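Since the structure comes first, as structure tokens, the remarks are kept for the end.
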Amino acid sequence: MGASILSDLGTEILIPVCAVIGIAFSLLQWVLVSKVKLSPGRDPGSPRNNGAGGKNDCADYLIEEEEGLNDHNVVLKCAEIQSAISEGATSFLFTEYQYVGIFMVAFAILIFVFLGSVEAFSTKSQPCTYDQSRICKPALATAAFSTISFLLGAVTSVVSGFLGMKIATYANARTTLEARKGVGKAFITAFRSGAVMGFLLAANGLLVLYIAINLFKIYYGDDWGGLFEAITGYGLGGSSMALFGRVGGGIYTKAADVGADLVGKVERNIPEDDPRNPAVIADNVGDNVGDIAGMGSDLFGSYAESSCAALVVASISSFGINHEFTPMLYPLIISSVGIIVCLITTLFATDFFEIKAVKEIEPSLKRQLIISTVLMTIGIGVVSWVALPSSFTIFNFGDQKVVKNWQLFLCVAVGLWAGLIIGFVTEYYTSNAYSPVQDVADSCRTGAATNVIFGLALGYKSCIIPIFAIAVSIFVSFSFAAMYGIAVAALGMLSTIATGLAIDAYGPISDNAGGIAEMAGMSHRIRERTDALDAAGNTTAAIGKGFAIGSAALVSLALFGAFVSRAAISTVDVLTPKVFIGLLVGAMLPYWFSAMTMKSVGSAALKMVEEVRRQFNTIPGLMEGTAKPDYATCVKISTDASIKEMIPPGALVMLTPLVVGIFFGVETLSGVLAGSLVSGVQIAISASNTGGAWDNAKKYIEAGASEHAKTLGPKGSDPHKAAVIGDTIGDPLKDTSGPSLNILIKLMAVESLVFAPFFATHGGLLFKIF
């Protein structure tokens with residue numbers, strides 16, 4: 001079979017060094033962002049921004065003077081608003097984490113009790129699951145270490161989300177102040193801030209997983225099957241926290257957004273983010289807790305699960321059986337190289353090319369995706385050559401399939417390029433530079449109803465190419481390397497996670513920057529610049545969601561394969577009633593889950609609308625701008641609603657695999673997993689793209705950048721009001737239900753895998769009775 005070129009010592013150095021480089025690079029970006037001062041003074045940092053330093057100093061100076069740089073009140077106002085947003089986001093996340101912490105401890109106890117009971121809490125060694133001739137560690141050890149890795153994954157996920165929120169609230173006002181000097185400087189500040197989050201998350205996720213594997217190895221020794229089975233808890237911890245972060249944050253942000261838009265823009269005809277609107281602070285807080293903290297936890301969960309799925313399958317293949325350390329950690333080496341590739345890619349946005357005009361923003365972000373994909377393809381080729389033997393075997397439902405290293409390279413590459421295709425298709429359907437969104441905007445001429453019809457049709461149509469891309473990558477990767485191929489294809493899609501997250505976090509930061517500009521009373525020119533950044537950010541957020549959904553489909557399929565192997569199911573036969581009823585119920589679950597999250601947003605928004613109306617009607621001088629609204633009450637409404645409403649959808653996802661596995665057994669559970677995967681992916685793509693298209697159709701009319709857009713505007717016109725209604729309907733679709741669905745499909749799969757030994761031993765109680 002041959003050995004890998006890269007030595008075990010080389011692997012032990014490469015992975016932590018790449019992770020440390022990622023952390024160091026994110027800290028460097030943070031230092032550069034912090035050079036933008038949030039205190040008044042003549043020198044808020046002339047050649048302050050090393051990225052584009054010195055090229056446009058004269059022009060910057062002129063713009064600064066023209067936009068009234070010396071107006072100390074503006075800078076102080078920005079700092080004050082930023083502080084309010086940061087405090088609101090921090091207080092919400094702490095409240096959320098208190099509730100989630102209780103769940104985390106309770107679920108950790110459940111994991112230990114269920115998995116420990118597989119061998120009646122015996123401490124004796126037992127025959128290995130996949131090779132009865134060998135002796136492995138007791139089930140109680142797997143229970144204990146699975147619990148530890150679950151808690152590790154949960155804490156890492158929470159920290160990832162929290163750090164992302166902190167850097168976003170740190171950077172929003174700084175982006176606003178940089179917008180006075182031109183769109184290029186504001187873009188670099190927002191993008192660098194996104195990069196801090198992207199690199200911190202990618203490097204932390206990799207480092208914690210690598211350290212956990214090495215610590216667990218001290219106890220497990222040669223029992224690699226048991227070791228990597230215990231490591232799957234890491235993915236479960238990451239995704240369960242992501243679910244609550246996504247649902248809770250999504251309900252918070254959209255309740256505030258819908259309330260602010262319906263009363264402020266439609267009824268009162270005041271601009272977006274107008275300081276007179278009582279819900280405006282809650283709306284801006286929501287961008288950080290939903291789109292930043294939620295997205296960070298979500299993509300961390302995907303990364304952790306795809307790594308765990310690949311490691312579990314590899315541990316029962318020739319890598320694990322022959323104890324080949326370097327090939328075994330192939331998934332982690334891919335992620336390590338991904339950090340270096342993303343680092344080089346980021347420099348293209350911040351240092352090599354300078355944005356000088358609004359129209360260059362979106363191409364620059366697209367260039368990030370293309371550069372990272374091309375460089376990563378080369379990186380994967382090198383890694384596959386040095387870290388893998390020329391030929392090896394991969395576990396394939398009871399058999400060992402012979403695979404060549406070039407075939408595994410193609411598996412990872414096909415996932416990587418499928419991600420790029422999904423990203424570009426998403427961009428085509430959600431960017432107002434292309435005809436689909438312009439058609440939706442045009443449909444606003446005849447009112448909100450036609451806008452809704454066109455938007456829904458666009459979302460359904462946008463599923464076609466992404467589904468084909470996912471289908472092709474599944475077929476190619478499975479043909480070459482069975483379930484391991486699918487796991488590394490998912491990892492390929494997520495290998496450029498640092499760049500993907502930087503692009504994704506850039507959107508909410510720009511959105512906040514625009515809100516702060518409006519609230520601080522800055523000139524319309526600055527608002528135009530932040531709006532341009534925000535419109536590009538909307539599209540990139542949709543691209544990020546496309547990546548998350550595509551990778552979730554591949555991850556959950558790989559986890560499904562690992563579950564089927566671990567539960568000792570020889571075939572999943574759709575024609576047997578046990579499996580088919582599971583398929584039907586599984587396909588229904590995403591609809592049930594979406595109904596819960598949509599209704600939660602609706603009922604919270606209802607309270608918000610009533611409160612905003614009450615303040616406009618009862619506070620004298622509020623519309624005239626002589627009195628201040630009560631922002632705190634609106635923040636409290638969003639916080640209370642989201643904490644209360646995130647529990648039922650979370651419980652639905654977490655309890656379904658347990659209930660089905662215990663009462664109906666592993667065959668029915670395999671049907672549920674397959675059904676939820678197939679229907680969940682379609683709903684998630686269409687919901688995210690419909691919402692994104694409605695949002696950008698509204699921005700297209702507001703910007704009035706083309707002759708066509710001017711005929712539909714200006715703000716306050718009937719077509720614009722129809723567009724606002726479409727945008728409001730799309731808010732819970734694109735920011736609550738859609739993004740949460742990808743967590744649903746992978747979380748149920750990873751939970752089933754972690755509990756597979758228990759279900760295989762004690763599951764199917766109802767069928768045993770009857």
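Positions of Cβ are set from backbone N, Cα and C atoms, glycine also.
Heads up, TrEMBL stuff is auto-annotated, nobody curated it.
What TrEMBL annotates here:
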TRANSMEM  13-33  transmembrane segment
TRANSMEM  99-118  transmembrane segment
TRANSMEM  138-165  transmembrane segment
TRANSMEM  186-213  transmembrane segment
TRANSMEM  328-349  transmembrane segment
TRANSMEM  369-387  transmembrane segment
TRANSMEM  407-430  transmembrane segment
TRANSMEM  451-476  transmembrane segment
TRANSMEM  482-503  transmembrane segment
TRANSMEM  547-569  transmembrane segment
TRANSMEM  575-593  transmembrane segment
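Nonlocal intrachain contacts for the transmembrane segment (138-165), taken as residues 6+ away from its ends with a CB within less than 8 angstroms of a stretch CB, comprise 89-90, 93, 97, 100, 104, 107-109, 111-116, 118-119, 121-126, 197, 200-201, 204-205, 208, 212, 216, 219-220, 226-227, 229-242, 245, 288-289, 292-297, 300-301, 304, 501, 505, 754, 757. Scored on C-beta pairs under 8 angstroms, the neighbour of the transmembrane segment (451-476) with the top count among 13-33, 186-213, 328-349, 482-503, 547-569 is 547-569. Long-range contacts of the transmembrane segment (547-569) within the same chain: residues 129, 229, 232, 235, 295, 298-299, 302, 305-306, 308-310, 312-313, 316, 395, 397-398, 415, 418-419, 422-423, 466, 469-470, 473-474, 482-484, 486-487, 489-490, 493-494, 500, 666-667, 670, 673-674, 677, 681, 684-685, 688, 738-739, 741-743, 745-746, 748-750, 752-753, 756-757, 759-760, each at least 6 residues beyond the stretch ends and with a Cβ under 8 Å from a Cβ of the stretch.
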